[in-house]
């Protein structure tokens with residue numbers, strides 16, 4: 001949102017005071033807030049405090065703002081959002097002068113940590129609220145509460161509840177006198193609790209988390225790709241295969257899928273039914289992984305069958321064993337000729353012919369295992385000449401490549417940055433190498 005627009009909406013604010021609540025707002029794990037970045041950010045949690053500790057205003061107090069950003073999560077609430085593509089969720093608030101201001105939200109709000117234990121999975125429970133880490137009194141602390149803490153930490157759902165002496169009560173910060181979880185809540189803020197108001201407390205809540213050793217395997221497969229290492233992700237549930245919606249789908253989820261399938265290499269997420277539309281059920285939505293899980297079963301996700309998607313939003317994955325910089329020639333009569341393509345970050349792309357020389361061609365052919373080669377000019381004399389082996393359809397990955405002819409790989413030549421160019425696919429490099437293989441250079 002431009003500064004000018006912010007100024008204009010501030011003028012339109014009604015005089016009805018700032019929205020507040022006497023109870024802390026339940027929130028999703030703070031990582032959802034931290035990961036909701038950039039133009040595609042879509043945080044939908046309930047954090048309502050800025051980094052400065054100010055309580056957010058209700059969005060509807062800013063006249064016309066909801067209408068300007070429809071379908072962006074703006075409504076009759078004061079929860080942080082990023083409807084305008086800012087780098088992370090934010091909200092309006094009233095500053096000390098009573099004027100409307102805005103600020104980024106405190107994505108650590110509600111997070112937990114373990115202190116003073118024998119390991120990272122053991123210790124006194126501390127919760128981050130209002131910019132301060134504080135303990136929880138051990139009154140009625142039980143296994144259900146410990147299970148929620150361990151789940152929130154991502155260290156498994158099993159946990160041993162303990163209490164430890166709380167020293168220096170006069171200097172220690174306590175947030176809650178008691179917590180009463182059912183054991184299924186995703187984080188402590190969604191559990192019923194009692195605020196500490198100076199009551200006597202000699203024992204603090206502590207926990208020892210146990211990492212899961214038995215991993216429940218969720219059957220998955222890749223369908224519709226050109227190889228067994230790519231395709232639409234399908235999961236098996238209730239006797240039938242179904243797809244996954246691409247909401248929140250990114251490379252972290254792809255990493256887990258590839259690991260579960262035993263496929264190594266570069267993991268990349270694909271959205272918008274890149275590998276074709278499924279025809280069965282859409283089984284899962286809002287799958288969120290850290291990238292370190294062993295299976296999708298360990299990731300946060302919607303309930304089975306609950307979604308707001310069509311098959312045009314089916315999620316896909318490619319688990320490429322290739323490394324960045326590998327080259328190939330496509331579209332010709334054989335692997336010795338064609339449009340030059342190079343592999344980068346999970347996908348193939350073309351190379352622009354700006355400044356391309358025969359020395360560059362010799363490097364490519366030698367890298368592919370051929371002795372010699374020549375550059376083939378595009379056909380046609382109009383403004384959009386057609387490359388000999390057709391137009392590429394992927395990204396243009398490199399431009400302004402300059403080799404001496406002695407380099408063993410195109411990546412060792414002088415070149416521009418990846419994806420930075422001023423070209424179209426009408427300028428794709430086309431090469432024909434001699435079909436005679438080099439005796440001292442096996443094919444890549």
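Cβ atoms are placed via backbone N, Cα and C, with glycine included.
Features reported for this protein in TrEMBL:
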- 1-20: signal peptide (SIGNAL)
- 32-110: domain 'Kringle' (DOMAIN)
- 112-210: domain 'SRCR' (DOMAIN)
- 137-201: disulfide bond (DISULFID)
- 181-191: disulfide bond (DISULFID)
- 220-320: domain 'SRCR' (DOMAIN)
- 245-309: disulfide bond (DISULFID)
- 258-319: disulfide bond (DISULFID)
- 289-299: disulfide bond (DISULFID)
- 327-434: domain 'SRCR' (DOMAIN)
- 403-413: disulfide bond (DISULFID)
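Residue 181 (disulfide bond) sits 35 Å from residue 258 (disulfide bond), taking the C-alpha atoms as the reference points.
Taking DSSP states H, G and I as helix and E and B as strand, the domain 'Kringle' (32-110) has 11 helix, 16 strand, 52 coil. When the C-alpha distances from residue 245 (disulfide bond) to the disulfide-bonded residues 137, 191, 319, 413 are tabulated, the minimum falls on 319. Cβ neighbour count for residue 137 (disulfide bond) (all protein chains, 10 Å cutoff from its Cβ): 23. Nearest Cα neighbour of residue 413 (disulfide bond) among the listed disulfide-bonded residues (137, 201, 258, 299, 309): 258. In the predicted structure, the domain 'SRCR' (220-320) carries a mean pLDDT of 89. It is 201, among the disulfide-bonded residues 201, 289, whose Cβ has the fewest other Cβ atoms within 10 Å in the structure shown. Listed disulfide-bonded residues: 181, 258, 319, 403, 413. The one with the lowest count of other Cβ atoms within 10 Å of its Cβ is 413. Spacing of residue 289 (disulfide bond) relative to residue 201 (disulfide bond) is 38 Å (Cα to Cα, whole number). Residue counts for the domain 'SRCR' (112-210) under DSSP, helix first, then strand, then coil, are 13 helix, 46 strand, 40 coil. For the domain 'SRCR' (327-434), the number of residues in each DSSP class (helix H, G, I; strand E, B; coil) is 17 helix, 35 strand, 56 coil. Residue 299 (disulfide bond) counts 19 other C-beta atoms within 10 Å of its own C-beta, drawing on all protein chains shown. Residue 191 (disulfide bond) sits 15 Å from residue 137 (disulfide bond), taking the CA atoms of both as reference points. Checked against residue 137 (disulfide bond) by C-alpha proximity, the disulfide-bonded residues 258, 299, 309, 319, 403 yield 299 as the nearest. Distance noted between the C-alpha atoms of residue 403 (disulfide bond) and residue 201 (disulfide bond) is 73 Å.
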